[in-house]
Structure formats: C-alpha cells, structure tokens
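Okay, structure first, notes after.
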Amino acid sequence: MQSYLNENFGDVKPKNSSEEALQRWRKLCWIVKNRKRRFRFTANLSKRFEAEAIRRSNQEKFRVAVLVSQAALQFIHGLNLSSEYDAPEEVKAAGFQICADELGSIVEGHDVKKLKIHGGVDNIAAKLSTSTVDGIPTSEHLINERKHVYGINKFTETPARGFWVFLWEALQDTTLMILAICAFVSLAVGITVEGWPKGAYDGLGIVLSILLVVFVTATSDYKQSLQFRDLDKEKKKIMVQVTRGGLRQKISIFDLLPGDIVHLATGDQVPADGLFISGFSVLINESSLTGESEPVNVNTANPFLLSGTKVQDGSCKMLVTTVGMRTQWGKLMATLSEGGDDETPLQVKLNGVATIIGKIGLFFAVVTFAVLVQGLFNHKLQEGTHWIWSGDDAMEMLEFFAIAVTIVVVAVPEGLPLAVTLSLAFAMKKMMNDKALVRHLAACETMGSSTSICSDKTGTLTTNHMTVVKTCICEEIKEASSSNKCNNFRSAVPESAVKILLQSIFNNTGGEVVNNKDNKIEILGTPTETALLEFGLLLGGDFQAERQASKIVKVEPFNSAKKSMGVVIEFPEGGYRVHYKGASEIILAACDKVIGSNGDVVPLDEPTTNHLKNTIEQFASEALRTLCLAYMDMGTDFSVDSHLPLKGYTCIGIVGIKDPVRPGVKESVAICRSAGITVRMVTGDNINTAKAIAREIGILTDNGIAIEGAEFREKSEEELDELIPTIQVMARSSPMDKHTLVKLLRTTFGEVVAVTGDGTNDAPALHEADIGLAMGIAGTEVAKESADVIILNDNFSTIVTVAKWGRSVYLNIQKFVQFQLTVNVVALIVNFSSACLTGNAPLTAVQLLWVNMIMDTLGALALATEPPNDDLMKRSPVGRKGNFISNVMWRNILGQSLYQFVILWFLQTRGKAAFHLDGPDSELILNTLIFNSFVFCQVFNEISSREMEKINVLEGILKNHVFVAVLSCTIIFQIVIVEFLGTFASTCPLTLQQWFVSVCLGFLGMPIAAALKLIPVGSN
C-alpha cells in the first residue's frame, strides 16, 4: 500500500506543489461519498485559475496606467495649472476640502497633473485637515467624521458560513442519499404491508440514523470552521507606526484613516494608498499589483505609494490618502475569489488510503448484495415460490440493498482526510495559545518531521533586550552599563570625542526618540538602535537638538548583506560629513585614522589596529555584540546621487552590546538534540560572539565547527558535502549563505529543514525551507508573508513547542488511521463472511451507520485531538522518507482485527448454544449480542489506540476531556440503542449476564493489544 501511495499520492509537497501534482491525485479519487465535504480543505484549482486570469488582467491595466502617467510627466512640468476641482458640500461641511474619489484617482492613476493642481503633498495634507508633522487630531468626533467621509481600511470579506450550510453539505453524501431513498421506499412498502406503526420502524430507524450522522458531522465541521475563522483574523493583524496628535503610536492597519502619517521601514507592507512626504533610499516592490519584479524608486518626484506593495529598502513618512475598498489593492482583492490553501501531503495520502479501501469496500458490498439475493432466491426455489414475490420479499431485498450501501458507507473512510484537518485545526488553536501562529496548514504537520533547525541568534536565542555595557573610545575600554558609569565615562573622555560620538549615534540611526501617546519619551527602532540611542541619552545627549543642528541629505539603510549603514549630514555653515557604522571588522577595515587618547585625530597605525582588533575579540568572547562607529569629513563637493566612500574613515570607537540568552533556550536545545533534531545557529554577528553564545546554550559541541559566511561561500561542492554535517554555527553570514545552506540540507542531505528569519532578505531562505518561521516582534511583514509559522514571542522555546505539536498531529492521525482501519476490516469481513456462509448479515443498516459514526466523526474527535506529551520529543524524527502507515500500525491493525473477527464469528456460529438461546427471538438476541460486542470492541480498541507502542494506554486519559466525553457519549448512546430503541435499530434488551459478556469480550481486546505491542516488527 505504501509504495502505491508514494507513487500516486506522493508528488504533493508541503508547499509550492505543481498544479500537475495537485490535479493528478484528484483524478485518482473517484470513489467519493461527499465531494463538498471531502475536498472542503483542498485548493479550488478552477477558481484559482480564474483568479489568476483576473489578477493578470488587472496587473496589465494598472501597469499601462502607470506607464502612461509617467510618459505624461514630462509635459506637465513647467505648465501653469489652474484648479478646477471643487469639493462636494458634505465634504466641506465635515471640514475637508477634497473627496475620497478625487484622492483615489490621484494615487491610483499616478496622476501627477492632478497632484500639482491640488498644490502637491503639503496642500493635500491641508485639504485633509492634517499635518505632515503632527498627524490627524485624535478627538473622537473628528475621527468619526473622517470615517464617515473617507471610509475605513477594511476589505469586503466573504460572509462566514452558518451551521445550516454545513448541515446541507453533510446531506450531500451520495450513500446517505441512497439510504434515504431506501428508507422512504421501506416506509411505503412497510406501511402498505404491515400498517402503521409496525411497518414504519425499519424505515424510520434508517432516517433517524441518517439525521443523527448528518447533525453530528455538521456540528463537528462547523466548530472546525470557527477555529479557522479565528486563526484567519489573527493572520490579518498588522500593526503600523503612525503620528497622531503629535504623538507616535502603534495602531492596527484597520484603524488607519486618510490624513494619517505612517512611518514605513524596510520590510513593511504599505497599509493603504498614500503619498511620500519624506524619506531616504525608498525602493518599493510593486510586483503584487503590477507584476513587475523591478523595484520602483519612490521620492518627491514619484510620491505614489500603493496598498499591498512592500518596502524593499529605505524608510519614509507617508500621508494616507485612500483606504479600504477604494484602494487598488482593495479592488484587486474584491475581484479575486480565494482559491484556498494547497492541501497537505498527509491529507493527500489519506485520500489515497480512503480511495484504496473504498474500492475494496465497493467490491465487498456488491458481492455481499449478490450473495444475500442469491440466498433469498435459493430459499424461494426450495420452497417452490420463486414465481411468487410478496411485499415481505421486497422488504427483504430492500434491506439487503440497504446493507450493501451501508457497507460502502462504512468502507469508504471519508473521515480520514478530514481527520487531518480536524487535528490541524485543534493543534493550530492550541499553538496560538503557545504563541505560534500557523499561516499554512501543511507547516504544522511538516514541523513534526523536521530533522534540522537553522536559527537566528539575536532575538530568538537571546532576549533582544540590548544595552551598551562596554566601549572602547580614545583607545581606552570603559564600562557603560549604568547611568553612573556613563557619567564617569563622560568625565573621562575628551568633550570633542563625546560630541562626535553623540553626533554619530543620533544621526546615523534607523531609530527615533519620540513622545508616545502617553506623552512619555520612547525610543523606537531595532533593539541594536535602541541600545545605542539609550546610551546616547545616558551620556546626556539630546536627540532632537542633535538632529536640528545639521540636515541629513542621504541615508544608506542597514541591510544584512552590507552589514553596515551610513548617513551624510550637511552643516548649516556648509560642508558635509559621513557617519558610518556596522560590523566592527568591516568598518575598522575602512578606517585609516582614529580618535586618539587626547581627542585628536591620529593615523591608525599597526599597534592601534591590533589593540582595536583585540578589543573586538575580547568583547565578542564575552558574548557581546560589537559595533564600530566611524566618520569622514567630505568638504563641500558631495553629490546626493553618489555612493558613500568605502575607505578613508576615522574610527570613533567600538561599542559592546549585551544581549542576554533567553531563559529556557539551553533546555530547549537539549530537548531538540534528544529528539534527533540538529540545531544550527546562523547569524550575521561576529564569529567569537556567536561561538560564545552557542557554547553557552549547547549548540556548539566538541564535534561541531563554527564557520564564517565568507569562508563558506568559497568552498567547492565536494568540500561542502563533507563540511555541512559538522557545521553548528555560521557567523557573519549573508541571506544568500543561509539560503544555500538550507537548499543543500534539503536536497543533498534529504533533511526536513525549519528556518527562522526576521528581515526582508531572509524571505528567500524562508521560502526555500520546508518550514519558514518568522519572528512576530522583530520580523518584517515581508518575512512574515514568506513564512509558514509566525513565532509571536520570538522565542526559540516556542519553536520546540511547534515541533512537539507537529509530532503530536502526525501521531494522532496515525492512531486514528489505525483505529479506523481496524473497524473497516472487521465490519467488512463480518458482514461479508456471514452473508456468504449463513445467508444473512448480522449488522443492519442502522447499526452500521452508528458504527460508522463511532469510527468516523467521533473517533476523529477522540483520537485526533490528543494533546502532546514530553515523550514525543524522545523519539527520532520521521524525516522526509518515513512511511505513514508503519509496520507497528499494520501489526496492531491485523492483530486486533483477527481477535475481533474470531470473537464475532464465534458468536455468529456458536452464540445460541453458548447463551442457551432458543425461541422466536433467539436470532434477534444473538444479532444484538454481536452488535453490542462489536461496539464495545471498538470502545476498548479506541482506548488501546491512544498509544501505538506503549502498553500503558491509560496515562493522562482523564486530562483529555474530549476523549472522555466522546467515550462516555458512545457508551451511553449504545445502552440507549440496545435497551430502548430496539424497534428502530433491530435490537432487543439484553440481560445483565449478556451485557457483562459483551463488555468483557470488548475489554479483552485491551490485553490482546498490549500483548501485540510486545511482538517486535522490523523498521518501515
């Protein structure tokens, strides 16, 4: 079976599967009882194709509009344009001078002419009653007026489906429809022949069973949909930095309004349509809208920013002009009908299992029906009544047909693929509480198979709460970990050196010191920038005064490829100065001068260079992040278009930043090692810092090596094949180094790789990995969009929790498959063999429907929602080539099936003698005993299925409330069926002795299951 599944259903990958692979398995699944339910959580390929066609059409129209507007730009400059626009009265009455449609047409059409008519960005801000410095006023009345005139930043969403929709979909089951027809025919014939109410019992029994199955199925599906809806809401939560009422604050993108001043940085998604106010080196990726992969420069000449695009580089302030469904992105989203997520590999494989068993079941159903009909015909032939057919004979034929159809109901395990979704939905909801947001279903199950984790250091393995604790300035090492030490530092260092240091810290930064909404000083920016700015403030610096003393004319933002950033400032009296900072060894290599012990600039000679290099190594060996700060005076001949110089800088000094290791990380790394998962640190930091922290938390061992990205890049393929298994730390790595490492681990070594990332440049590695893990706090929107799971607290321990849940999902599905296949095998063989050998089936249609519900919906609820335990992380990972239906499962399925079949066959052939049954009701009592014993076999088999290899299956059973509830309901309802619903379910009340024997026969399955677990089986 496994080779058939791998061959026909193994092409689907956890992500980025080809359309051919998705089409192929669908064609093989031709035995489907309910298409709407079976394929609910699979990609709708026809809608996806239709959506892609609409997207392409929209992109082409939009691209042409942009090109036309850009071509028209040259005709507009120098023209005298008069305003012909007059705002509608209701807009004026609300205190604004421009309407939403006019704003939309300016940005969407890149209409430079209209923008000029309205007086440019500053004048549009005035017409929106906002300030480009302070933002919109925050009084509730004015906010509501703005919402009324311009709308809110939300897109039209497909309304959520109600319970009745799921009920209707559950009724679409073909086999249940056929059974319903059988039931109504049975009702008609029964009432005609035997009268009301006696003739109606059989038909009503089937109808009630169908309604029960449909109701339970719909309830389960509806609750599942609610879980997915909650997760979808979480996925859409994006926070943005805005200035409102002169104060900086974070708000949800759904609360943005026209007139808001939004602060964008590298990796952000543009949250609404708007206009560029100010900023540096802004590159926007508009491929999601225009299909063009080349980034667009946004500046005062081309100020248009569109919702849904991404900031590839730079930072800027933006004036929001259009929100919600008026934006280009909103219109695009409205025209696209969702094609859904790709199905997971496990879903596809279980669809394959369901198809194989369905074919077998269909064959058995046809043969069973033929045997039963032949038996009836032979009986009539012996009596000589084969030409005379009564209503009773018709009823019997109908019962045979109903049994055959019900065998198909039981045999086609429609619940198998849906159990995956149920288990994943349950796990995803629980993981949300554990601070992990799963964006793609497949990631949850793939994480359980992971064999390798490539983790960032900063913020993931460390706390990301950084402070400057040491500096080396004027050739001396100083402590700087408290305000007292900073005061001592300031008094010991020449004033000229402190002045240039503060100028560098406050100008050459991606962060800001602002007043927040509580009117308190707040430092914004990355943890590194925050640490430096805090250090500057402790030294007595004034951020705003420093910024106003000069003008920033050029910014080259930090990125992980260059490992540096620089700014050019212009002084009021004339002249330019470059400030440069970044990875210590890179910046130091660009310096030829240094600030000496007296605060004077002196040449950087060899002894001083060695002293600084030793300082860098000393700081790094103490697990400190090191940064070097430098500057260069440019005179007056500098062009904004030219690049920053690469040599000739003066070294200001080196700072050592402490970023403590997160509590619990060492233990989590040890758990990964015991679980067979290799943890590698991939960082842009100094190699000595990386090694110190890696040793502290147990990543770097005596057998492993640490390597720098530059050295890794120079290795040949043969050398890499030998080297990669031993690499435990990669320092000073670029995003492409991380991508290469991940690719080789996946392809050459066949590993299942999870990768963490937070920056825009990490997107390729996150996309390449089997599981991309983005950081929720430090991560950019671009990284989050490329990821499969978002770690909301940026903590490595949460990644281990995700792996544990992934393993739990995989194991839970295996348990459910083992349980369901056992029921399938026994129900098929018992009815088939009984029909062949005795001429009748002991389990009726109503009884089989109840058994189907126990093993399908209720079984999935009980077994697929088992929470994880710590033992899961003591197993070896499944990896890329593990067989889903393992030898252990086959052993348990076949052993348990054999036991159940022997018991039921004994009752079928020897039951009357064993229980001394005679009289007219003996057949009915015997069939009730068989049915009751069969159900209790499943109840105890369900308990045994909680563990596939461990003998103790009762451990933690009471903690799983769903399991206990399902089991209790099954037992209570079984008692009700046998004792009180006999007329509908073809059962009769049993004596205490018969109940005791039925339960004991079921219970005996548990020691049998325990004994089976002692039988060794080979590896998969």
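Just so it is clear, glycine is given a Cβ too, placed from its N, Cα and C backbone atoms.
Heads up, TrEMBL stuff is auto-annotated, nobody curated it.
TrEMBL has this to say about the protein:
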DOMAIN    5-50  domain 'Calcium-transporting P-type ATPase N-terminal autoinhibitory'
DOMAIN    118-186  domain 'Cation-transporting P-type ATPase N-terminal'
DOMAIN    237-335  domain 'P-type ATPase A'
DOMAIN    841-1015  domain 'Cation-transporting P-type ATPase C-terminal'
TRANSMEM  176-193  transmembrane segment
TRANSMEM  199-219  transmembrane segment
TRANSMEM  356-377  transmembrane segment
TRANSMEM  397-427  transmembrane segment
TRANSMEM  888-908  transmembrane segment
TRANSMEM  924-941  transmembrane segment
TRANSMEM  962-983  transmembrane segment
TRANSMEM  995-1015  transmembrane segment
Legend entry - Tertiary contacts of the transmembrane segment (199-219) (same chain, 6+ residues out, Cβ under 8 Å): 37, 163, 166-167, 169-171, 173, 176, 179-180, 182-193, 395, 399, 402, 844-846, 849-850, 852-853, 856-858, 981, 983-986
Inset, instruction - Mind checking which residues of the chain, 6+ beyond the ends of the transmembrane segment (397-427), have their Cβ under 8 Å from one of its Cβ atoms? - result: 31-34, 37-38, 40-41, 173, 175-176, 178-179, 182-183, 185-186, 189, 202, 206, 220-221, 224, 227-228, 344, 346-348, 350-351, 353-354, 357-358, 360-362, 364-366, 368-369, 372-373, 376, 438, 441, 444-445, 805-806, 808-809, 812-813, 816-817, 820-821, 823-824, 827-828, 831-832, 841, 843-845, 848-849, 851-852, 855-857, 859-861, 863-865
Legend entry - DSSP helix/strand/coil residue counts for the domain 'P-type ATPase A' (237-335): 18 helix, 47 strand, 34 coil
Legend entry - Long-range neighbours of the transmembrane segment (888-908), counting only residues six or more past its ends (CB under 8 A): 814, 817-818, 821-822, 825-826, 829-830, 833-834, 838, 842, 914, 926, 929-930, 933-934, 937, 941, 944-945, 948-949, 1001, 1004-1005, 1008-1009, 1012-1013, 1015, 1017
Inset, instruction - Using a Cβ cut-off of under 8 Å, list the residues of the same chain at least 6 residues beyond the transmembrane segment (962-983) that approach it. - result: 201, 205, 850, 854, 858-859, 861-863, 865-866, 928, 931-932, 935-936, 939, 942-943, 946, 989-990
Inset, instruction - Please work out the helix, strand and coil residue numbers for the domain 'Cation-transporting P-type ATPase N-terminal' (118-186) from the DSSP assignment. - result: 40 helix, 2 strand, 27 coil
